[in-house]
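Peer 1: If you scroll down you'll find the structure; I have some questions about it.
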Amino acid sequence: MITVAGSINMDLVVTTDRTPNKGETLLGRDFQTNPGGKGANQAVAAARLGNTTNMIGHVGKDAFGVSLIENLTQQNVGTEYVKTKDGSSGIATITVAEGDNSIIVIPGANFSWELEEWKQYASIIQKSDVLILQLEIPLNVVEAFANMANKVGTTVILNPAPAQALPATLITLADYLTPNETECKELFGMEAEDAVAQFPNKLIVTEGEKGALYHDGTSLMRIPGFRVKAVDTTGAGDTFNGALASAIAEGLALKEAVSFANAAASLSVQHHGAQKGMPLREAVLERLGELE
Ligand code: RIB
């Protein structure tokens, strides 16, 4: 079983031919409202791959909150631990242009955690094989969850996004850290090749279609990605994390788990929206078959 503690957002997505310059107004091509949030996306990715998956998080007391919970339920993610808090749901404004995206997140309810509220979730965390965390909820809450999971032997995947300085204790508590190249540089102040050598079998740096990088204690491991025509990369990292959790929960070795996650991520970018392109298990296995 996989549990995700993290953010649930509504994504307000604008598609345009190019990213606007400062002070410039552009006519865009399309607007969509899609369920998102790194936490919710990672939960949906894991559930699509056939895992029993639960979400711990908050939505606001607004129309977005209602439809965000509905969406998680439709995607087979357990919402027993999703609370509705006063105020607005988290939202993300996303500009998709030139094959990439830029995102601003307004956390809203994702940041409304009461003192020691996390203690209510001890039992579900204990029952889980893997707990996935990101940084779109308060850092002290992330630390508290990592601590709880660590104590009961639940594997912790920390996706340190959006990047921010991490206390050394949190890095120690995580079994796996999964930044992308930019986040890795921000976190460790060095190139991915050097950073992974400092955290063997723990730091996995995602590099888009190039794949992912980690160090196995002896050598640098570059697990190749899949070259595909990306229409929207939003949620690719989240798909990677959900799929990595799925493979680890199944007991796959790290090399195979990263390869599985790369395949899942490559499928997700072939559709618009963070969650729409997240693949089913069969599609991932088929893509992995293309390697043989
Ligand atoms: O990783 C993509 C996600 O980041 C989006 O769905 C958006 O909500 C932001 O949290």
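Glycine too: its Cβ is placed from the backbone N, Cα and C atoms.
These came from TrEMBL, pasted as-is:
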type	residues	note
ACT_SITE	Asp238	active site, proton acceptor
BINDING	Asn9, Met10, Asp11, Gly37, Lys38, Gly39, Ala40, Asn41, Glu136, Asp238	substrate binding site
BINDING	Asn180, Thr206, Glu207, Gly208, Glu209, Lys210, Gly211, Gly237, Asp238, Asn262	ATP binding site
BINDING	Asp232, Thr234, Ser268, His271, Gly273	K(+) binding site
DOMAIN	2-279	domain 'Carbohydrate kinase PfkB'
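Help me see these features in their spatial surroundings.
Peer 2: Within 10 Å of the C-beta of Asp238 (active site, proton acceptor) there are 31 other C-beta atoms, taking all protein chains into account. For the recorded site, Asp238 (active site, proton acceptor), the DSSP three-state label reads helix.
Under DSSP, Lys38 (substrate binding site) is assigned to a helix (H, G or I) in the three-state scheme.
Look at His271 (K(+) binding site): DSSP puts it in coil.
Confidence over the domain 'Carbohydrate kinase PfkB' (2-279), given as mean pLDDT on the 0 to 100 scale, stands at 96.
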Peer 1: Quick check for you: of the binding-site residues Asn180, Glu207, Gly211, Ser268, His271, Gly273, which have their Cα within 10 Å of the Cα of Asp11 (substrate binding site)?
Peer 2: Gly273
Peer 1: Would you list, in sequence order, the recorded positions among Glu207, Gly211, Asp238, His271 whose CA lies within 10 Å of the CA of Lys38 (substrate binding site)?
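Peer 2: Matched recorded positions: Asp238, sequence order.
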Peer 1: Fill in the CA-CA distance, Glu207 (ATP binding site) to Ser268 (K(+) binding site), as an integer in Å.
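Peer 2: Glu207 (ATP binding site) and Ser268 (K(+) binding site) have their Cα atoms 15 Å apart.
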Peer 1: Using a 10 Å radius around each Cβ and counting other Cβ atoms from all shown chains, which of the binding-site residues Asn9, Asn180, Thr234 yields the largest count?
Peer 2: Asn9
Peer 1: Starting from the Cβ centroid of Asp232, Thr234, Ser268, His271, Gly273, which together make up the recorded K(+) site, report each further residue of the same chain whose Cβ lies within 8 Å of that point, ordered by sequence.
Peer 2: Val231, Thr233, Gly235, Ala236, Val269, Gln270, His272, Ala274, Gln275, Lys276, Gly277
Peer 1: In angstrom units, rounded to an integer, how far apart are the Cα atoms of Glu209 (ATP binding site) and Gly273 (K(+) binding site)?
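Peer 2: If we compare the Cα positions of Glu209 (ATP binding site) and Gly273 (K(+) binding site), the gap is 18 Å.
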